[in-house]
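Taking it in order: structure first as structure tokens, then the write-up.
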């Protein structure tokens, strides 16, 4: 495979990989070579480590929640929101597991990250963890289509993903949620990578915790790991750190997005008809230059659909202006 002097894949080669992956519309499997995928993982790892663990980003930007190997729905998101580099994107993690095409999903996102490193950003989800994706599908997909060695290459790449992003110093984004160990944003900046996700503590909570409207303060999670937090903890953290909004994924929500804590936290989930078991919509959150948030809602794709359909999207501009 052709690489440049710095060991980075040449743009022409990357463009060809992206072109082939985009030909996978309609459910077609796209089989890159093992060496191509290894190079994507190696180069993406370099870029992740060259950028901060708490990314400093700017609007306008589109924010996407969990994808979980639903590659056709990822293509629908890009069809609607614009393919990179025509728009800026932040993904909140959980690219693999459960869906049928985790490999295509993660390879396209890594290829875009390498090709346009300042236009697309990928955060780590709790499924970008060997302990989890060994069980929920990604390991089996790697083993069936390639080998276990390649799964381990992905593990090394995932251990370098950033864990949070700050948009215009006002919107904090992560996969899971808050932590009783989190007082200020410098604690996120100081997490060293590469790192495995521990079973407890700050990093674990950032990827695993959930809001719970039935409680105040902190409580144990029904997931058996991490914690849940009440609306009071959202307000306390945002006020202390001069922030307006927390944006996170991690939970299936019926409309693709759901507010919590008087609209000071929003959950975004971007895998419609999740796993074929839920009748949920997916959502894409657009934040404009004025920090006005609007949601594009993606209904579950009709079974007969062989290509992305823009008419499946509904725009809900709520005039939610964070800068007001």
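Using the three backbone atoms N, Cα and C, a Cβ is placed for every residue, glycine included.
Note that the structure is predicted; figures quoted are calculated from it, not measured.
These features come from Swiss-Prot:
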| type | residues | note |
| --- | --- | --- |
| ACT_SITE | 127 | active site, proton donor |
| BINDING | 66, 68, 94 | Mn(2+) 1 binding site |
| BINDING | 94, 126, 175, 250 | Mn(2+) 2 binding site |
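The separation of residue 127 (active site, proton donor) from residue 250 (Mn(2+) 2 binding site), Cα to Cα, is 10 Å. Residue 175 (Mn(2+) 2 binding site) is surrounded by 26 other CB atoms, counting those within 10 A of its CB over all protein chains shown. Distances between the Cα of residue 68 (Mn(2+) 1 binding site) and those of the recorded positions 126, 127, 175 are shortest for 127. Comparing residue 126 (Mn(2+) 2 binding site) with residue 66 (Mn(2+) 1 binding site), their Cα atoms are 10 Å apart once rounded.
Taking the Cα atom of each, residue 127 (active site, proton donor) and residue 94 (Mn(2+) 1 binding site) are about 5 angstrom apart. The distance from the Cα of residue 175 (Mn(2+) 2 binding site) to the Cα of residue 66 (Mn(2+) 1 binding site) comes to 9 Å. The Mn(2+) 1 site is defined by 66, 68, 94, and by the 8 Å test on Cβ atoms against their centroid, the other residues of the chain that qualify are 65, 67, 69, 93, 95, 96, 97, 98, 125, 127, 249, 269, 270, 271. Sequence-distant contacts of residue 94 (Mn(2+) 1 binding site), defined by Cβ-Cβ distance under 8 angstroms and a gap of at least six in the same chain, are 65, 66, 67, 68, 125, 126, 127, 128, 175, 249, 250.
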